[in-house]
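Participant: One structure, as structure tokens, below. Some questions next.
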Amino acid sequence: PPGTWLLYLPCTWSIGLAAEPGCLPDWQMLSLFGVGAVLMRGAGCTINDMWDRDYDKKVVRTASRPLAAGDISTFQSFVFLGGQLSLALCVLLCLNYYSIVLGAASLSLVVTYPLMKRITYWPQLVLGLTFNWGALLGWSAIKGSCEWSVCLPLYFAGVMWTLVYDTIYAHQDKKDDIMIGVKSTALQFKEYTKQWLSGFSLAMLLSLCMAGMNCNQTFPYYSAVAAVGAHLAHQIYTLDIDKPEDCWKKFASNRTVGVLIFTGIVLGNL
């Protein structure tokens, strides 16, 4: 699913940037993080559905989810979540001690993110902080610690990217969200959405350039960043925030953005 890719791809950027010049990224680490992304994205969805089971019943798009529809009990979902987190812990324990502590630190964000839509119009920002943790973790898994001059700009770029794609995603549900009283950046920005998305995209591109400069990236990397800029510009320009099917299409197309960046990193390294 697109959401799993969007969680996984920032990990691949970090692992790719941490590779030695002239070398391909560590394929074993890419595989390990791929498994971790599937498990943690799944765990995040389970937690989200547990918090939101009463809200999901009132939204057409989510009413058929197992908890909302009454197909499974809350206890069964706890058991399933326990299984997901136990397997994810096995993946985490394959990493170095620094990365184990860093990875465990993200769990508080995973658990509390679904509550943010009740509290603030910026739940997408908290999702960005959660979903892009791999931009820190991938580097530390390879190097043993974070090089903050690279990792922080990369993490910030990921957060800005999440604000772009998840604001687009949130426009699908804005009518239902108003009715049930939950908040989102889509409701905050309203008709000014495209201006905000343009600002987030610019911040993302500048941060990617900063991360690249701080680890001596080369021409293919910056070419990929330019291609990402063109993709985002087209995405935002053609977006129709009042058509849920168009919002979904634009949201899902962000996998291409992440793959472009990873490809640029690999070619730039070589």
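Glycine residues also receive a Cβ, built from the backbone N, Cα and C atoms like all the rest.
Take a look at what TrEMBL says about it:
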SIGNAL    1-18  signal peptide
TRANSMEM  85-113  transmembrane segment
TRANSMEM  125-142  transmembrane segment
TRANSMEM  154-171  transmembrane segment
TRANSMEM  192-213  transmembrane segment
Participant: Which of 85-113, 125-142, 192-213 shares the most C-beta pairs under 8 angstroms with the transmembrane segment (154-171)?
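Facilitator: Most contacts with the transmembrane segment (154-171): 192-213.
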Participant: Which residues, given as numbers and ranges, are at least 6 beyond the ends of the transmembrane segment (85-113) yet have a Cβ under 8 Å from it?
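Facilitator: Tertiary neighbours of the transmembrane segment (85-113) are 32, 35-36, 39-40, 43-44, 47-48, 123, 126-127, 129-130, 133, 136-137, 140-141, 144-146.
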